[in-house]
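Novice: The structure is given below, and queries will be raised subsequently.
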């Protein structure tokens, strides 16, 4: 990722601090990633919090929304492909923000950086909400007679345990945590499949074919789940044979879409209208696999804080006066990071509505990063070599991204406000 401090440079960000962050995002820092390794990296970047809400999204949008999931999978595969074409047109582009600069100059890079940081912030809020919800479910006896406050206290304790990780400057020592998404996905998928086969769960509730009024918010959840495009240019440049990048995208997105579809259908079929916005919270509490899934979902946010915060921390440190010593910068970075995480904790406890926040993030940020900007970059960089159909299609994708972003953000925000008013009696 690029830092905002380098936005004013007429080149990609090649600062010394950049290498560790890229290594955290992609394990292949050199141009030596095989096809299989690249697929694993891309799948790992795509799979995340979104998988928890797949059954909920189907319940909200109806069974027909599965086709929307598949359509977005195809669309975001295409936008991944055209990011590769943008890099081939300008080989100096090494990152998503470099492509933004190649297309729209300094303003393009600045816009990209702002969206990167906004996505990081909102993702951290979502992770913390997930931590709170699942840690409450992991200790049901503890909170059954004491209301919401004890759960909030334990969430605060969990965040406090993770706070010291924000003070680590060299994150390469914990880069193995970046593979946690794939492990969590395997555990959750295994738990859902086990419950479907052996759990004896039967739900008589009916899910409608289509709920058109919920499509904007459901679209946000689906798009959030396909939004890994920020690191795809780095993955492209790390490949031994970049000409296979499109095939990597097709295999990776097909794998993830199949996983999401299986989770969505299985979870929605088992729990029907009673399904929670996080599938782990709907699994039978007495099953051992449920406890494993809950703890996997609890531990994942705690391991993500340092990794997700790294780009923000780097920018904060670079913004400090050069006269400061390294020790003073480390302390300032740690204090600012801790303060930001406490703000995120407060926000997550104030607005603990995972599904709505995830939908808002997808509509406000992910659709821009995964659909609107890639098509806009492609139009600007490769306009001369496009057919009329390709130009029209990508112009349509830009418009579609803007429409989905506006409608989804409005609907998600409206639902959030409505829920807050209902809960707090305003």
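Any Cβ shown, glycine's included, is placed from N, Cα and C.
As listed in Swiss-Prot for this protein:
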type     : residues : note
TRANSMEM : 34-54    : transmembrane segment
TRANSMEM : 55-75    : transmembrane segment
TRANSMEM : 110-130  : transmembrane segment
TRANSMEM : 148-168  : transmembrane segment
TRANSMEM : 182-202  : transmembrane segment
TRANSMEM : 215-235  : transmembrane segment
TRANSMEM : 248-268  : transmembrane segment
TRANSMEM : 292-312  : transmembrane segment
TRANSMEM : 340-360  : transmembrane segment
TRANSMEM : 363-383  : transmembrane segment
TRANSMEM : 392-412  : transmembrane segment
Novice: Under 8 Å for C-beta pairs, could you tell me which stretch among 34-54, 55-75, 248-268, 292-312, 363-383 has the largest tally with the transmembrane segment (392-412)?
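Specialist: Stretch with maximum Cβ contacts: 363-383.
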Novice: When each of 55-75, 182-202, 292-312, 340-360, 363-383 is checked against the transmembrane segment (148-168) for Cβ pairs under 8 Å, which one has the most?
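Specialist: Against the transmembrane segment (148-168), the leading stretch is 292-312.
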Novice: Rank 34-54, 55-75, 215-235, 248-268 by Cβ pairs under 8 Å to the transmembrane segment (340-360) and hand me the top one.
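Specialist: Comparing 34-54, 55-75, 215-235, 248-268 against the transmembrane segment (340-360), the winner is 215-235.
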Novice: Out of 182-202, 215-235, 248-268, 292-312, which stretch has the largest tally of CB pairs under 8 angstroms to the transmembrane segment (55-75)?
Specialist: 248-268
Novice: Residues of the same chain, at least six outside the transmembrane segment (34-54), with any C-beta under 8 angstroms of its C-beta?
Specialist: 25-28, 69, 123, 126-127, 130, 178-179, 181-182, 184-185, 188-189, 221-222, 224-226, 228, 231-232, 235, 238-241, 244-245, 247-249, 251-253, 255-256, 259-261, 263-264, 267, 277-280, 297, 354-355, 358, 362
Novice: Apart from its near flanks, which chain residues at least 6 from the ends of the transmembrane segment (182-202) lie with a Cβ under 8 angstroms of it?
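Specialist: Hits for the transmembrane segment (182-202): 40, 43-44, 47, 51-52, 259, 262-263, 266-267, 269-271, 279-280, 283-284, 287, 289-290, 292-293, 296-297, 300.
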